[in-house]
Amino acid sequence: MLASSATWAIIAVNVVNHFGYFIYLNWMPAYFNKALGFDLRASSFTAFLPWLVMAVGSSAAGLLADALVSQGVAVSAVRKGMQTVAFLVPAAALLVLSQPGISPAMAVGCMTMALGTTSLGQAGFVANMSDVAPRAAGKMFGLCNTFGCLSGIVGVTAVGFIVEATHSFAPVFSLTAVLYVLGTIIWNIYCTTEPVF
């Protein structure tokens, strides 16, 4: 599997996706509390909203992808398009978040947009594992997810050092946005929907 560029495209995008996902999961409460001054107990819905939108977005991604394919859109175009939106919209939202003086409402909106649209990747790189490896999708998922989880571990740790050194989440948001753009480029160059395994 590791000899295939299709596998490495999925791994690369999974690494970028998990980097961002685990940062949201582990650091969003600290960002809301320290940078925005939210009392998370008093504003639990605000902290929960991005995750709610992400859950809805994951299901909507599958429905939208199926509808597009049933209308005759090529599967490769659907996979590339869904993943492109899943990375470029969050990149833009994170760049807004990295700006000084952002209001709490704007921050929650940007974070909700970032998480909500990231979930479209379920119909991008996640579904692509079954395209590329229809007879070995479980192995493909395990392999790619291992790399993704490792990037999440590194990312969460790196954020701690970055925030401690800079006293700001702005560099974290900017770095993640850059990774999303790089992931989009790699995906659109190397993604294939042809069965390989």
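Placement of Cβ uses the backbone N, Cα and C atoms for every residue, glycine included.
TrEMBL does not curate its annotations; it predicts them automatically.
The annotation transmembrane segment is assigned in TrEMBL to 7-27, 47-69, 81-99, 105-128, 140-163, 169-190.
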Interface present between the transmembrane segment (7-27) and the transmembrane segment (81-99) (three or more C-beta pairs under 8 A): yes
By a Cβ-Cβ criterion of under 8 Å, what residues six or more beyond either terminus of the transmembrane segment (169-190) are in contact with it? 5-6, 8-9, 12-13, 15-17, 19-20, 23, 27, 31, 35, 80, 83-84, 87-88, 90-92, 94-95, 97-100, 124-125, 159, 162-163
If one takes Cβ-Cβ under 8 Å and requires six or more residues beyond its ends, the residues near the transmembrane segment (7-27) are 1, 50, 83, 86-87, 90, 111, 114-115, 118, 121, 124-125, 128-129, 132, 140, 143-145, 147-156, 159, 163, 169, 172, 176, 179-180, 182-183, 186-187, 189-192, 196
Please report, as numbers and ranges, the same-chain residues at least 6 past the borders of the transmembrane segment (47-69) whose CB is under 8 Å from any CB of it. 24, 28-29, 32, 38, 40, 75, 77-79, 81-82, 86, 108, 111-112, 114-124, 127
